Amino acid sequence: MIQVAINGYGTIGKRVADAVRAQPDMEVLGVAKTRPNFEAETALEKDFDLYAAIEERAGQFAEAGLEIAGPVEDLVDAADIVVDATPSGIGAENKALYEEYDTPALYQGGEDADLVETSFNARSNFEDAVGADHVRVVSCNTTGLSRVIAPLREAYGVEKVRATLVRRGGDPGQTGRGPINDILPNPVTIPSHHGPDVETIFDDLDIDTLGMKVPATLMHMHSLNVTLEADVDAADVRELLAEESRLFLIPESMAIDGSGKLKEYAMDVGRPRADIWENCIWEESISTVGRDLYLFQGIHQESDVVPENVDAIRAVLGEADAEESIELTNETMGVGL
Ligand code: NAD
C-alpha cells in the first residue's frame, strides 16, 4: 500500500484525499492543516489523521476541540509520497521539508514549473514523471487544454493552438475574489501564462492563449481553435475525442446550455461535491473549416486535477504505466460521464 501524506487540506487537498482513499493500492496516512476550520473538522469526521502544518499554531486545534496526530514533519517522514496542495507559492517553501525527509512530492499548478523535474498530465506525459522526486500536476486550465491537445497531436498533428480562457472569478468558497460585475481581460497582456504552461507538457507545441475573468464561480470556459496538420472532418474529430476517457462530449439531446446545468447534472448523478473531473466539450461546437478545428469546453477548476494527482502518485513511484493507472483511477473514482 502506498502511504500518501496530504499537506494542505483545502479545495484541492480534500478532494485528493477522498480520491486516494478510493484507490485499492493507496492509503491516506494523514492530512496537514495550518489552522482549525470546517475542513479540519470534516477531515476528522472522515477519520483522516490530522497533523499540524505550523508548530506554533498547533495549540489552536486543541482549543477548537480537534485532536492532532502530530507535527507535519512526522507525517512527511512516514509517508511514501506527499501531495502538497497548499496555496500558490507555499509549495515552493515546503520543498526543503520534503527533501529533508527524502520524501518525493507532488505540487500543484500554482507553483512555478522550474520548482520541479517535470510538469505532469497523465494522458500526455505520464512517463516523464516516472522516478522523479518533485513533480508538478499542472493547473486546471492546463490540464483541460492538454487532454484535448494530446489526442489531436497523435491523430492529425497540430500546427498551432489558439485558446481564449474565460475564467471564473473565484471558487464558490472564495468570498473575497471577483469581479462581481465586470468582464476583465486577465491578464491583459497577451499571451497569458497558460500557453507557456501547456508547453511544459508538450515539446515543440505552438500555442497562444488569452485570458479573461468573469463574475462566475462554477467553471471555466475555453474557446479553442486548433490548426491541424491535415484537413479533417468534424465527425472524425468527434469520434476521436469521444474515445478519450476524461473528455465528456455533451450530447445535444441533454440540453445543457452552460456551466449551471453541467453542475446541476453532476449533482443529479450524485457526484461528490458536484465535481466534474472530465473536460466538458459541447459536441455541437466541434466544427472544422479546412484544417481549423473549433470547440467550446467547460472545465471544473476545483476537480479536474484530482484524478491527475492520483495518477502522478503511481507515476512517481513507478507503480503502474499510464494506461493501467488511468483505467484504475477512472474506475475507482467513477470518472466517465
Ligand atoms: P485552498 O486555499 O483552497 O487550500 C489550501 C489549503 O492549504 C488551505 O486549507 C490552507 O489553510 C492550507 N495551507 C496554507 N498554508 C499552508 C502550509 N504552510 N502548510 C500546509 N497547509 C497550508 O487552495 P486550493 O484552491 O486548494 O489551491 C491549492 C493549489 O492547487 C494551488 O497551487 C492552486 O493554484 C492549485 N489549484 C487550484 C485550483 C482551484 O481552482 N482551486 C485548481 C487547480 C489547481
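Glycine is treated like the rest: Cβ placed from N, Cα and C.
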Inset, instruction - Taking TrEMBL at its word that THR11, ILE12, ARG168, GLN301 bind NAD(+), choose the one of GLY89, GLY110 listed for that site. - result: GLY110
Inset, instruction - May I ask which of the recorded positions GLY110, CYS140, ASN141, HIS194, GLY195, GLN301 have a CB within less than 6 Å of any atom of ligand 1, listed in sequence order? - result: GLY110, CYS140, GLN301
Inset, instruction - Work out the three-state DSSP category of THR11 (NAD(+) binding site). - result: helix
Inset, instruction - By DSSP assignment, list the helix, strand and coil residue numbers for the domain 'Glyceraldehyde 3-phosphate dehydrogenase NAD(P) binding' (2-140), in that order. - result: 58 helix, 33 strand, 48 coil
Legend entry - Residues flanking the NAD(+) site, with Cβ no more than 8 Å from the Cβ centroid of THR11, ILE12, GLY110, ARG168, GLN301 and excluding those residues themselves: SER139, CYS140, ASP171, GLU302, VAL305
